[in-house]
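Per TrEMBL, the features are:
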BINDING   Asp34, Glu35, Asp142  divalent metal cation binding site
DOMAIN    28-251  domain 'RNase H type-2'
Amino acid sequence: MDLSSFEADNSSSCRLASHIPEVCRTEDCCLGIDEAGRGPVLGPMVYGICFCPISKKEDLKDLKVADSKTLTETERENLFQKLDEAKSYIGWALQILSPNTISTSMLQRTKYNLNALSHDTAIGLVQYALDSGVQLKEVFVDTVGPAEKYEEKLSQLFPGIEVTVRPKADSLFPVVSAASICAKVARDRVVKDWKFAEDLGEVDTDYGSGYPNDPKTKAWLLKYMDPVFGYPQFVRFSWSTAQTLMDSKAATVHWDDDDEETGEKAAQRQNNRSMLSYFSASAGGKDHNPTRKTHRFFTERRLKSLNTL
């Protein structure tokens, strides 16, 4: 599994895929879909598919694949190796959704929640398999939201394919278990080797589980929260845990439309600075240092201060 394309830019999403077995282009195939990392506030969510000829279902079962959550990291790595070595009849593909992609999608003006993002990602992977020539006849999915509605949606989108959507499908169907293992192995590797674009110095990688209720995870979020610009891109800033910490610990920001008076006046009244002061030519007042390095938030977006329009 070569993750270099995602590691080169972990602020965006990335698709990885195995070689398509020739037999999957000529024989009727089954495909399983599952994800890893839906709940954590840290790191990406990874969607995975695994597919093989229907005639090879027993061979896949003989590999002893199981729900990735019931396996140790070593067991998952070993099983992924077996899946990858069975490339004569097993194929897989992954969609890595970066924390940045997840958060910006969920906070855009038009409502786009995690379930919708999950559905669209799964649909995109099925379409990728079809476009690659895989002769899909059966698709098994671990449900997101109501199983019946999701099953009906997929059946309408992919007529001629028998779609089965079930809760805990990763423990019911080996091909979904295989997809679960592929997704979990990819997420574990990405989280373990995450390259921080931000200049954070020597980063403490003891994140805990990454789940919002984990005290270690909360402590890590507090430690690496910038009071003005928030979190590194490793964090899903749309999660309520991240937002709550920002509300209680970060710098207060005044915008021009916050009060009847201007943001500048409101900030001065409270002995604070307006957000607009960061964009002014004299930002920082008397203490302004013209040689101070501009924060990456501005340089990445090519934002500069202007005296006139």
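Cβ coordinates are placed from backbone N, Cα and C, and glycine is handled just like the others.
Structure with TrEMBL features highlighted.
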{"residue": "Asp34", "record": "divalent metal cation binding site", "CB count, 10 Å": "28"}
{"residue": "Glu35", "record": "divalent metal cation binding site", "CB count, 10 Å": "23"}
{"residue": "Asp142", "record": "divalent metal cation binding site", "CB count, 10 Å": "25"}
